[in-house]
Amino acid sequence: MKGKKPSIGFKYAWSGIYFVIKEERNFRIHLFITSLVVFTGIMLKVSRFEWLALLLVIGLVLVAETVNSAIERLIDYVKPDIHPMAKKIKDLAAGAVLIAAIISVFVGLIVFIPYVCELWQ
Ligand SMILES: Nc1ncnc2c1ncn2[C@@H]1O[C@H](COP(=O)(O)OP(=O)(O)OP(=O)(O)O)[C@@H](O)[C@H]1O
């Protein structure tokens with residue numbers, strides 16, 4: 001909106017992040033996995049470009065989960081009763097999270113497997 005202070009927009013965005021952490025168990029699981037990946041990356045001293053890949057997929061998963069949570073709430077708000085279209089929309093949003101998660105597992109394996117193999121040699 002015109003004339004709105006940018007800091008106020010940030011305040012609402014932070015409250016969105018607060019809601020998703022507080023209300024979404026899956027988001028908290030993703031945060032836990034993120035902390036493990038960051039810890040492993042630091043321990044194994046992965047390269048700058050490997051950090052780039054890891055941070056991109058971490059962001060992809062967290063953003064997908066946040067958008068999925070917003071879509072779930074939108075559907076519950078506009079269509080609280082059981083409806084095939086509500087199911088389809090929610091399943092599509094959940095599918096987006098799954099795609100992001102699968103891609104991030106592959107990226108994690110591609111980055112970490114060579115380091116693990118090196119440790120064993
Ligand atoms: N109004 C509805 N009509 C028909 N099916 C629905 C409806 N709401 C949810 N579902 C079905 O139940 C599934 C789970 O929906 P729900 O809103 O409980 O998400 P959730 O289990 O909280 O998901 P997440 O674990 O990602 O937070 C949906 O993917 C959909 O298949």
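For all residues, glycine too, the Cβ spot is worked out from N, Cα and C.
Keep in mind that what you see is a predicted model, and the values were worked out from it rather than measured.
Sequence-distant neighbours of Glu24 (ATP binding site) (same chain, six or more apart, CB under 8 Å from its CB) are Glu65, Ser69, listed in sequence order. Residues or ranges marked as ATP binding site by TrEMBL: Tyr12, Glu24, Glu72, Lys90, Asp91.
Residues or ranges marked as divalent metal cation binding site by TrEMBL: Glu24, Glu72. DSSP classifies Glu72 (ATP binding site) as helix under the three-state reduction. Taking Cβ-Cβ distances under 8 Å and a sequence separation of 6 or more, the neighbours of Glu72 (ATP binding site) in its chain are Lys90, Ala93.
The transmembrane segment feature in TrEMBL is assigned to 27-45 (among others).
Taken from TrEMBL, the feature transmembrane segment covers 51-71 (among others).
The active site, proton acceptor feature in TrEMBL is assigned to Glu65.
What TrEMBL records for Glu65 is substrate binding site. For the recorded site, Glu65 (active site, proton acceptor), the DSSP three-state label reads helix.
Marked as transmembrane segment by TrEMBL: 92-116 (among others).
DSSP assigns Lys90 (ATP binding site) to a helical segment in the three-state reduction. Proximity of the recorded positions Glu65, Glu72, Lys90, Asp91 to ligand 1, judged by a Cβ distance under 6 angstroms to any of its atoms, singles out Glu72, Lys90, Asp91 in sequence order. Binding-site extent for ATP: residues Tyr12, Glu24, Glu72, Lys90, Asp91, maximum pairwise Cα distance 27 Å (rounded to the nearest whole number).
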